[in-house]
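Notes for the one structure printed next.
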Amino acid sequence: MSDVILRLALPSPLRRLFDYRAPAGVAGRTLTPGMRVRVPFGRREMIGVLVEVGDHSEVPQDKLKPARALLDEVSPLPPALFKLCLWTAQYYQHSLGDTLSWALPNLLRQGELAEARQERYWHAADGASLSDPRIARAPRQREALQTLAQHPHGVAHSLLSKLQLNKDSLDLLLAKGLVSVEVRRQLPAPRHEHWLAQPELTLNDEQQAAFAAVRSGFGAFHAFLLAGVTGSGKTEVYLQLIREALQAGKQALILIPEINLGPQTVARFEQRFNARVALLHSGLSDRERLDAWLAARDGEADIIIGTRSALFTPMKHPGLIIIDEEHDGSYKQQEGLRYHARDLAVVRAHQEQVPILLGSATPSLESLHNAHTGRYGLLRMHQRAGGAQPPRLLRLDVRSLPLDSGISGPLQQAIRQTLEAGQQVLVFLNRRGFAPTLLCHDCGWLSGCPRCDARMTVHQRSGLLRCHHCGHEERLPQQCPQCDHVDLRPIGAGTERAEDRLKLLFPDYPVLRVDRDSTSRKDAMHTLFTTIQRGQPSILVGTQMLAKGHHFPKVTLVAVLNADGGLFSGDFRASEHMAQLIMQVAGRAGRAEEPGKVIIQTHLAEHPLLVQLTEQGYFAFAEQALSERRSAGLPPFSHLALLRAEAHKPGQAEAFLDLACSAAEAWLAAFPQTGIELLGPVPAPMERRAGRFRAQLLVQASGRAALHRLLSAWLVQLEQLPSGRQVRWSLDVDPVDLY
Ligand code: ADP
Ligand code: ZN
Ligand code: ZN
């Protein structure tokens with residue numbers, strides 16, 4: 001008997017498909033990939049996505065179960081998006097079912113219809129009269145009827161309360177036949193005729209060259225790296241390219257690092273165009289997300305803007321993809337499906353044959369390398385568009401200088417001068433809280449986290465010790481937990497401490513703190529920024545939240561309290577991240593008339609990378625860093641995959657990784673000369689975190705093809721290792737963070 005077999009991807013970590021028979025009464029052969037099917041799975045039900053229809057199965061006939069129901073008449077996923085998911089699962093060695101779970105809106109995974117929301121509309125019935133005797137003594141019903149009569153197209157159910165329409169009154173009117181309810185789809189707004197809601201700026205020569213290069217790539221795949229210093233007018237280039245895409249009848253997809261931090265960016269896109277903008281970010285409800293996703297899929301949104309996961313938004317008429325701040329770490333997902341949205345966006349642009357533009361003032365070394373090798377077209381913009389001068393970067397050697405809450409004497413002087421000149425100061429410090437450690441001066445006790453190999457941070461304002469790695473909290477002790485003495489001292493400085501100190505040093509000026517603790521309230525950030533925009537002399541102190549996308553035209557001095565962490569860290573990317581952060585913070589300064597100055601406190605004032613960065617700028621730094629990577633054989637000159645494992649008992653994670661390592665060695669022995677090296681297993685740099693013991697095994701390869709051949713053979717074996725059940729393990733292809 002030749003039976004039709006449905007091969008489904010199910011939301012499971014297992015890297016395989018699951019076979020089912022077609023649901024009763026459904027002709028299996030007519031089904032197409034992407035359709036959703038409800039199936040029994042153990043004692044539960046699951047929703048799977050059809051990958052292929054076959055006619056035989058390895059599963060014995062009597063074990064093959066029929067699916068329960070077909071959920072779609074056509075696949076809710078357009079073929080292009082389905083293809084992207086297949087590619088993603090394959091590349092990141094992740095289960096396809098789980099990949100689809102990350103890529104699809106929640107409601108679709110739960111079986112919701114893949115249709116825009118149906119809305120109920122209330123109408124006054126034909127011939128209904130306000131003088132109807134049945135409502136003569138019901139003033140609220142009369143009022144409701146009168147309001148409805150003023151809306152000949154009906155009132156959407158969701159707007160009832162806005163119009164002060166009372167649902168009970170409407171129900172009574174409905175029972176009397178004086179009103180009617182109609183269910184219909186909210187009609188999409190039509191496409192506009194005139195795209196521009198505000199005039200465009202005249203592009204300068206550098207902008208014009210970048211614009212023209214990308215413009216000439218429309219209609220086919222081309223990747224461009226737009227490396228333009230902060231303020232060079234990258235956003236204006238994006239805007240004009242988007243206008244071109246819209247005029248050509250296409251949609252544009254724009255990824256930005258964080259929506260909540262960059263409201264100015266989103267506002268600029270919304271203000272420029274008469275366009276239907278779909279905004280996708282983590283603050284949306286499931287329904288809002290699905291509606292935005294559907295609008296993009298059905299061509300009812302012209303511009304799609306979102307964070308990392310918006311990469312998986314389908315488009316009916318894709319025309320252009322833009323990745324703003326392409327170096328930003330938030331494009332890499334660090335859990336579950338560990339994809340990099342920038343890298344996948346390039347793949348997607350290739351699959352959909354559209355141009356992609358990666359923009360940054362501080363491009364990642366990967367992207368610069370791709371530009372050097374000709375994979376990306378390199379577009380440079382050196383000048384600030386508004387005519388502002390670039391800031392000057394100065395290294396302040398603080399060896400043997402006393403630091404007062406992290407702030408040296410010369411820096412205090414520079415801050416004072418700036419404030420007295422009526423300007424603003426930005427103090428950057430990459431550490432929240434009051435101090436990173438609490439120390440007992442009598443016995444040497446340190447505030448270690450009971451669950452991690454890390455210290456708990458002192459949060460003076462909330463009276464807590466808090467671990468920034470696992471979230472563990474304790475009351476700030478008054479006495480040493482070990483010797484009961486009271487001489488407890490916070491060691492080092494975080495933003496809270498710098499804020500306190502600056503307030504004491506400069507009592508006549510406002511000091512505003514910006515970090516995750518100070519801005520957790522929804523409007524806090526907004527209040528802060530309006531204060532700053534007013535422009536009186538003041539001090540802003542904060543973490544990298546300050547580095548993102550904001551314009552502070554009155555800031556003329558930027559102080560970086562400590563740049564050294566990035567220079568001697570064991571993480572080979574630390575110096576790149578430090579340089580990007582310094583340049584991004586520096587880019588906030590002196591954006592208008594006043595030129596800006598950046599003072600970097602360091603104990604390593606002669607470090608070659610720091611000298612390059614401050615004297616010759618980011619691109620000189622990047623060349624130096626790239627040549628160091630080349631000689632060390634590190635990415636982008638090699639490719640990495642990191643196998644991580646963690647377990648409750650010490651030794652378990654290593655034991656699993658030892659077996660994994662043997663399996664990989666056996667494969668390498670069978671296929672010699674692949675240019676692959678195994679490094680480890682070793683304990684993770686922070687071995688214990690949140691109560692688990694962690695270890696890792698790094699795979700380093702000179703070629704991507706060989707690496708992927710190893711990975712796909714290897715993962716099948718790993719899934720079957722019995723010791724894998726006692727540990728949590730995961731594979732990270734192209735890891736950004738080696739911790
Ligand atoms: P970036 O995105 O590269 O940081 P922006 O696009 O934010 O730069 O531009 C910086 C400033 O320069 C903005 O205030 C912007 O309005 C202005 N600007 C950009 N392009 C031009 C132009 N061609 N002429 C005049 N001003 C411009
Ligand atoms: Zn003590
Ligand atoms: Zn902890």
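Note: Cβ is positioned from N, Cα and C throughout, glycine not excepted.
As recorded in TrEMBL, the features of this protein are as follows:
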type	residues	note
DOMAIN	215-381	domain 'Helicase ATP-binding'
BINDING	Cys440, Cys443, Cys480, Cys483	Zn(2+) 1 binding site
BINDING	Cys449, Cys452, Cys467, Cys470	Zn(2+) 2 binding site
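The Cβ centroid of Cys440, Cys443, Cys480, Cys483 marks the Zn(2+) 1 site; residues of that chain outside this set whose Cβ lies within 8 Å of it are His441, Asp442, Gly444, Trp445, Pro481, Gln482, Asp484, His485, Asp487, Leu488, given in sequence order. Between the alpha carbons (Cα) of Cys449 (Zn(2+) 2 binding site) and Cys480 (Zn(2+) 1 binding site) lies a span of roughly 15 Å. Taking a Cβ distance under 6 Å to any atom of ligand 3 as the criterion, the binding-site residues Cys443, Cys449, Cys452, Cys467, Cys470 reduce to Cys449, Cys452, Cys467, Cys470.
The binding-site residues considered are Cys443, Cys452, Cys467; of these, Cys443 has the fewest other C-beta atoms within 10 angstroms of its C-beta.
Same-chain residues that are not part of Cys449, Cys452, Cys467, Cys470 yet have a Cβ within 8 Å of the Cβ center of the Zn(2+) 2 site turn out to be Pro450, Arg451, Ala454, Met456, His468, His469, Gly471, His472, Arg689, Ala690. Contacts of Cys440 (Zn(2+) 1 binding site) defined by a Cβ separation under 8 A and a same-chain sequence distance of 6+ are given as Leu446, Cys480, Gln482, Cys483, His485, Asp487, Leu488, Arg489, in order along the sequence. Each of the binding-site residues Cys449, Cys483 was scored by the number of other CB atoms within 10 Å of its CB, and the largest score is that of Cys449. Sequence-distant contacts of Cys470 (Zn(2+) 2 binding site), defined by Cβ-Cβ distance under 8 angstroms and a gap of at least six in the same chain, are Cys449, Arg451, Cys452, Arg689, Ala690, Gly691. Listed binding-site residues: Cys440, Cys443, Cys449, Cys480, Cys483. Those with a CB atom under 6 Å from ligand 2: Cys440, Cys443, Cys480, Cys483. Cα separation, Cys467 (Zn(2+) 2 binding site) to Cys443 (Zn(2+) 1 binding site), rounded: 22 Å. If you draw a 10 Å sphere around the CB of Cys480 (Zn(2+) 1 binding site), it holds 19 other CB atoms from the protein chains shown.
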